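Remarks on the structure that follows.
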Amino acid sequence: SQYSAVDTNPLSVYIMQPIWNKIIKIVPLWIAPNLLTFSGFIMILFNYFLISFYDWDYTASGTSPGLVPTWVWLFSAFTTFCAYALDSIDGKHARRTQSSTPLGELFDHGLDSWATSIFVLSFFSVCSRDNGKTGVSVYTMYIYLSIVLFNFMCSHWEKYNTGVLYLPWGYDISQVVLIAAYLLTGTVGVEVWQKPLLFGYYITDVLVILLIGFSLFLSFPQTLYNIHRAHLKKTLKNDSLYEGLLPLVSPLLLFILLTVWVVLSPSNILAKQPRLFLWMVGVAFSNVICKVIICQMSSTRPELFHWFLFPLALVVYAAISGLLGRVEEAALGVLTALLTAAHVHYGVCVGRQLSEHLNIYIFSLKKRVQE
């Protein structure tokens, strides 16, 4: 299907697009668009592991503010900006080099579905976890991440039903806020997050309120409105309500299973291993969404139950029933490693199949020689 996206965000249209149009001119024409997409993702990943190295359990900013060196925050601002820029120009570059393909679209959105959680997980190091005085509780982190992923899912569920990707306003705003937050932390220090800003509220409180407000009152109603409008115009991709709601089943079950584990875990798994647990949430979610994106692009039906749900359900049951006992953390570690490996393997396989099918290379503009 032909890719179509609509961007109505004033920040994007009037400020960011002119910047991208200038940056795109310096990109050599021989560079493959997917290389831009992938470079941005690798930067986000590298930055995440760098922050994790200094702050594995999200306590560095709250307990000993000097633990994460200043240059790490400034580097975070730099990598976030680069990834944002690369993600914004890859499509323009594809049109410029006349190399727009379904593979590029899938590559872009597939990596975005994973990057979304990584952005959020990196940001949590800035505000640090609750230490009784300041910071955000690990449960707030989990809810925060879930809302961001819910927003991402909404825009692709909407595209699954309408055939058009309405770019969420939250994307550009969140990227600019992230870069500003890292710059602020790098220049002023993490202490800025630990002092009340207005009326006893901290910056983190304000950001959480804004995020929830944006999601529930702007982006979700907009999604429903766009689907309703397509329904009135008779341009919906799916006739039945069942077909339309099908892609939401697996993400919803995934969220329910994860929440059950968080709430009923005997060893309080989220508090013990917030970084591992939240990473696993992001990976599992990304894989579920990638399947929806592929179904939407190929006009096929998504399966009712994503296979990740089965091993997850087993582990969750074993954990909350006390079967796992002391090895609950180890089980989380193994599950996280397996899901991550399965997700990477899935991405590599789909990429290879598509590149062979379309007769193109993923990271080069040269055409494949027909066997």
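Placement of Cβ uses the backbone N, Cα and C atoms for every residue, glycine included.
As annotated by TrEMBL, transmembrane segment applies to 26-50 (among others). Within the chain carrying the transmembrane segment (26-50), a Cβ under 8 angstroms from the stretch's Cβ atoms is held by residues 72, 75-76, 79-80, 82-87, 89-91, 93-94, 96-97, 99-100, 103-104, 107-108, 111, 114-115, 118-119, 121-122, 361-365, all 6 or more beyond its ends.
According to TrEMBL, the feature transmembrane segment maps to 70-86 (among others). If one looks beyond the transmembrane segment (70-86) by at least 6 residues along the same chain, the residues whose Cβ comes under 8 Å of a Cβ in the stretch are 19-20, 23, 36-37, 39-41, 43-44, 46-47, 50-51, 54, 115, 119, 122, 126, 175, 178-179, 182-183, 185-186, 189.
Counting only same-chain residues 6+ beyond the ends of the transmembrane segment (136-154), those with a CB under 8 A from a CB of the stretch are 58, 112-113, 116-117, 120-121, 124, 127-130, 168, 170, 174, 204, 208, 211-212, 214-215, 219-220, 223, 248, 251, 255, 262, 270-271, 274, 277-278, 281-282, 285, 289, 292. Annotation comment: TrEMBL describes 136-154 (among others) as transmembrane segment.
The transmembrane segment annotation in TrEMBL covers 166-185 (among others).
With a threshold of 8 Å between CB atoms, the same-chain residues lying at least 6 positions outside the transmembrane segment (197-220) that come near it are 127, 134-136, 140, 144, 147-148, 150-151, 154-155, 168-170, 173, 177. As annotated by TrEMBL, transmembrane segment applies to 197-220 (among others).
For 241-264 (among others), the entry in TrEMBL reads transmembrane segment. Below 8 angstroms of C-beta separation, residues 139, 142, 146, 153, 156-157, 160-161, 227, 270, 277, 281, 284-285, 288-289, 291-292, 295-296, 301-306, 308-309, 312-313, 315-316, 319-320 of the same chain, each at least six residues beyond the ends of the transmembrane segment (241-264), sit close to that stretch.
Residues 106, 109-110, 113-114, 116-118, 120-121, 124, 141-142, 145-146, 149, 152-153, 156-157, 160, 247, 250-251, 254, 258, 262, 269-270, 300, 302-303, 306, 308, 312, 332-333, 335-336, 339-340, 342-343, 346-347, 350 of the same chain lie 6+ residues outside the transmembrane segment (276-294) yet bring a C-beta within less than 8 angstroms of a C-beta in it. Summarising the annotation, TrEMBL assigns transmembrane segment to 276-294 (among others).
The list of residues near the transmembrane segment (306-324) in space but at least 6 beyond its ends in sequence, with Cβ under 8 angstroms from a Cβ of it, reads 250, 253-254, 257-258, 260-261, 264-266, 269, 284, 287-288, 291, 331-332, 335, 338-339, 342. Annotated transmembrane segment per TrEMBL: 306-324 (among others), in sequence order.
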